[in-house]
């Protein structure tokens, strides 16, 4: 956009004929260079010795003393530019601008900028059209800057530097010292008319300094006087526009002082009027302006004498006060405008409106006209005292018309000095505190979208409207810039007409926004439409989540504008002069339409106005109470309120913006609906002509779910389970259902593995029954090794003393640490026997722990698979079945490991040390023979039943299947496994040395032992391997066939051949990815005439899946030494020449040329095995840890939140899925999502069972809860009572327990009572989201849990449980 803006501006500057006079080239034929946000063209400050005739002379003599409340004031023609003195830039409509702007619609409206070398704080314009000057004040700087027609600025004088005063004038040292020392400036203002050469500055000092800019060349000092009656720093100062001799100031001491520059009071530092607000600091004070709009076709009758007598102030407490000097003993209006400190305020140029800004980031527009006083009787007391306190003044009326919400505290705001017929067409410029470096211009007709944003390089410190189009601004980088808003692009110019965005989890789809851009102005048609539809609308006001809109009712709004427009339009119709004839023609249609509309509204509502005005204040049908309460309830309850969710409101005291008029006197327990009419379509809230945007949503999961459900409907052969819910239509409902039904965490994961005792005797009979049921489901017989182990460990837990296994395990670990590598030395045979016993004892204990954990994970995986099956999510169902199958394989290996360990410990005749280590190594090789395993015939994917219900068929393997296996074949298979384990480079000896803690001998046992072992065993076992494999394959195929036949009699299953598990189906290609790219010489391996026997018969899927070629490629069935090495790259890796062939079967001498580490890396890659970085173990592709890792990466890449959290919580402790930092961050974000969907019970369960305690604080400290009193509507702070109770507590009284936020210091009433016991809620309390009621935790526990109730105790209609 920046490039387009610069190119457009360049094309505009190079045009030959500019459209307006002031666009011509300035002196010297130069134009301002293009200006960027971060680069400023620094111009040298030029000083002149004198100001010539550009500045009017100072009045030489003072006039006679006049009354302070004089009603005569001059017209303010000097405020506006002299049209004859300088060419006026005529406003160019956007369609005309396109002729010379071309594509430069985004060109900047910045006219010029000037870098100053002094610190700046505030600025104002010199109210002389011919002067073309602004005054800028800062710390030790008070400069006067002049600009030309092209708004190029230069410094004229610096009144804090004596050298710049010119003429070689000599000053005394005291005078020079007074001039150079100046405090930090808070405000600077210039006078009007006869005092337009006066400048008043104020700051951190307690005085107001007044300078005369015409005394630049005089011998005396430009400092006229110093007003020092304030006791603290002064925040604001302002000159009166009508009575130009009046000056007003307000400071931190809470005093507002009025000074008359004609009298002698200011010479003795005594103010003429003093208004004391106590300790409430004054942040800003302004006189009511009296602009002269007569030359612009305005009604001069509005410029009455009363306007120059009024002023307003905004205070630290958020109060907005209006005063009238003719009644100095009282506050005209006292409005609680902001919930925090008020920072600034400004009057409308010609209407009775005030806009205020505060630290709460709100710009509130208030109507303070006389029409309010005509309907509200205000006591007219008279007192001769000129100083009084406003602390006792009651909160009075003030109509809030609209609120502009900003994201930063509003420090400066000013109305655009332009006459408008419609209040909504007024522009407001604002600047904020902090790092927001923009000056934002809003239109009241479009308060949510700014019209212009003047982007500056540093945060703005202040700005001023030079006229209705030019804005001067200063920032923290001491840069003065001039902007022309007519050439500044609006936000609507860059606003796309259609928007397509991705929705969040609430919809998980697309959202389309179609809208008309509209404009920033309000036409008459819009007023008619919006006001006419306000009377019929009603708004409900609930107790907790209520929406209340503030503003004046439509009748008062129309009536107040009637009186103004009736005179203005009539006067405008009668006036047609030469200089404004063109303007009157443009306004003629608008005036006629608006006038007729007001007449029609007046006739229509005249009777209603009379009844409303003359109705007694004390009479009201809906409210009972004292006259003051009824007055507020009647007069202002019909005013809509600003949106704010509060528990309740009161109508007795007018509260801040957050809880203003329209309050209800009834209790929130009985009052649900308000009788207040809503003017949601009123002119000040929703301008006409701007249609509301249309939002269209597309729920993609719902669409895809419907398509998937329609396609799967024809394939269903059975109905859903009886207890399974129907398919949800909403993605949010599915998310909530899955989170509630899935087992997200395992309870054992919460405990530290080091603190888990093996002999935990807390296991009940139910745990044993669950394990027996699992044995029956997976087909293990009662006499199986794992079943025997379960019974033995159960009885052992009952009889064995506590801590025996744990102590044995700790002793064994200590022994291994002390002995180190000497345990396996030949001289320690006795110690090896003891180590064998200890190893067996430790293995049994650890095996029991692993078995218990695996059993729990298997149950959880099965439950999660069933949950996904209930919602027809087949993809996640298969994932969890895949996890369960892998866990079942680990469970079987644990049982096989226990058998091998017992055989090794009981076989004393076997003197070979490799006997123990070989069995241990066999356990570490996960699923070495999955094809011959009985688990391979397990059918977890069969989810159908003959009875028509969709159910997970876990299958069964009978006891006869285990007995049918030939014992001789099993013995041969054991030898084959030993051979396979010893044939790999990761031999059993280095593996056990790593497990025993001796890593030093890993290098000593190298290729020599491996080559010797291979030479001795290969020749004798080469032929037997094939025979054993073929025999076992045929036996397993026959056994599987027989098992399916026998199981069909007891369990209704499909009559199909043996099917493969998910592991065999999905991971077939992952068996040996490295060997799949090598050509295997079958003749060299099996010999001539030998073929492999198929594992299945007939048309079985298993036989087609495991063909002879794929079967020979398995790493545990075909030795790697007999693969063909065909390519030169493969030969180079193995150290072979191109002419070298494969060695014969009896020789493996080529291995001597291969480095051990290189061979390990090469062969592990060819075998498709991964080496664990922690312990160096080999991990096959179907290893559970690798499977969990792959599923975790898949869930993260696809954005499956639930699957990711489940994997982390269930398997992080056992399989180390990812880093702990990522786990904690993921859980914290997931808990935030659960809180967003109000699933607090699931979140509490996760926090209770997760093993990371620091997750418990996730999301804390990020929310701010603000409590408002339901009686007075004010923010509950209770600082006063806290101070008192703290002092008493320090004195020895123990009464701090009474402090809390259950009461309000302002109204001295309890905030809310318990709905059960009707007592103040001092302790732990709960609140209902449905109805907003609350009560003590103990009371609600008794009501819902003990008494079994489901409704709210207050008797409301909501069912909570």
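Heads up, the Cβ atoms here are built off N, Cα and C, so glycines get one too.
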Checking feature assignment: region 'Disordered' per Swiss-Prot, candidates 1091-1113, 1114-1136, 1137-1159. Which range matches?
1091-1113
Range annotated as region 'Disordered' - as stated in Swiss-Prot, picked from 863-892, 923-952, 953-982:
953-982
Annotated range (Swiss-Prot: region 'Disordered') out of 534-563, 564-593, 594-623, 624-653:
564-593
Number of helical, extended and coil residues in the repeat 'WD 4' (337-376), per DSSP:
6 helix, 18 strand, 16 coil
What is the pLDDT of the repeat 'WD 8' (1146-1192) when averaged and given as a whole number?
57
